[in-house]
Amino acid sequence: MEAGEEPLLLAELKPGRPHQFDWKSSCETWSVAFSPDGSWFAWSQGHCIVKLIPWPLEEQFIPKGFEAKSRSSKNDTKGRGSPKEKTLDCGQIVWGLAFSPWPSPPSRKLWARHHPQVPDVSCLILATGLNDGQIKIWEVQTGLLLLNLSGHQDVVRDLSFTPSGSLILVSASRDKTLRIWDLNKHGKQIQVLSGHLQWVYCCSISPDCSMLCSAAGEKSVFLWSMRSYTLIRKLEGHQSSVVSCDFSPDSALLVTASYDTNVIMWDPYTGERLRSLHHTQLNPPMDDSDVHVSSLRSVCFSPEGLYLATVADDRLLRIWALELKTPIAFAPMTNGLCCTFFPHGGVIATGTRDGHVQFWTAPRVLSSLKHLCRKALRSFLTTYQVLALPIPKKMKEFLTYRTF
């Protein structure tokens, strides 16, 4: 889509007939993820099942009526050739998903040593966070279970790998802690981060691997050092529980989404609040029955860092341009829970409470030379380092995202 056009629904995946599990099972899609190289899509479709789907979807142009049922799981193979859809039965409700960066050479020796049957290829890994506090680590190409990480005492709500490829995994749990795991050391737990007083909903590692943001059912957001695993600062500004957070691709911005219907954009280095994006309803109700109808569920940055996507309880997917205070596009979606951009742009995936996944067109934009320069510089310069440069004030304002 061009900037300013409404997102179009490209495809929708629906679970097949629900399995007869016990009453604790649920059908929500709490998490969706693309592999960093864009070759796989992971979908927690409810009923303890994760689907691993090769991307792009088989048909190049998929009609709206497309359902996952039409893709037979009998195609699953462990042979070579084109990758096939995998079904991972996690045995527990799946809440969090995260792919490792691609490729991850150090892991090859680790898996080969423990799993001689695994072919000697760069190993793409999927981590799944489960209802019982376990984290299961899967090898994507084969669908093999590689590791089971134990330590959390409650639901593992979110997972995040360090983008550097070091196979450090961060998990966020309802037990109010974050845990750091080293998959190169057989999944050894190397740190427990305590301090939250409520369930931890979300964790996000900055692309430069220096910071970790965590959002719990609290008004403040915690920013941790990924080098010392200590708390850097708390970001105060929301009026209700913060449920989602994401860093910009250059690590210079942090966005947080809250039940208070606002997204706040922060400078993570200084802790400054740069701007707020308010989710007003398109058609406000006549009475006060839906006070929390615009409660936010999820926020994420586009891969080039010029757009945001948000999912709220008012049945809308919104797309925001970084420089504007109002959304540039809306799409109607019911019961949305999560959203993520395709790593090469052009598509947004959303997950819903009824176990569906929808794929939407996202703005395709050619980044300006100015933005590309800013992104390149900010990938290795902190705000303080930019402010110390002997350059004009206006350039500093642009480089620190203070021009809006």
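Every residue, even glycine, has its Cβ placed from backbone N, Cα and C.
Curation does not apply to TrEMBL; its annotations are automatic.
The feature domain 'SOCS box' is assigned by TrEMBL to 368-404. Residues or ranges marked as region 'Disordered' in TrEMBL: 68-87. If you look up TrEMBL, you'll see 126-148, 149-184, 193-234, 235-276, 289-323 marked as repeat 'WD'.
In terms of DSSP secondary structure, the domain 'SOCS box' (368-404) contains 22 helix, 0 strand, 15 coil. Within the chain carrying the repeat 'WD' (289-323), a Cβ under 8 angstroms from the stretch's Cβ atoms is held by residues 3, 7, 240, 243-250, 253, 255-259, 261-263, 277, 279-282, 329-345, 348, 350, 360, 362-363, 365, 367, 371, 375, 401, 403-404, all 6 or more beyond its ends. Non-local neighbours of the repeat 'WD' (235-276) in the same chain are 198, 201-208, 210-211, 213-223, 292, 294-301, 303-305, 308, 310, 312, 320, 325, 374-376, 378-379, 382-384, 400-402, 404; each lies 6+ residues outside the stretch with a CB under 8 Å from one of its CB atoms. In the predicted model, the repeat 'WD' (235-276) shows an average pLDDT of 95.
Sorting each residue of the repeat 'WD' (235-276) by its DSSP state yields 0 helix, 21 strand, 21 coil.
Residues in the repeat 'WD' (126-148) partition by DSSP class (helix H, G, I; strand E, B; coil) as 0 helix, 15 strand, 8 coil. DSSP places the residues of the repeat 'WD' (149-184) in helix, strand and coil in these numbers: 2 helix, 18 strand, 16 coil.
Sorting the repeat 'WD' (193-234) by DSSP state (H, G, I as helix; E, B as strand; all else coil) yields 0 helix, 22 strand, 20 coil.
DSSP states for the repeat 'WD' (289-323), grouped as helix (H, G, I), strand (E, B) and coil, give 0 helix, 18 strand, 17 coil.
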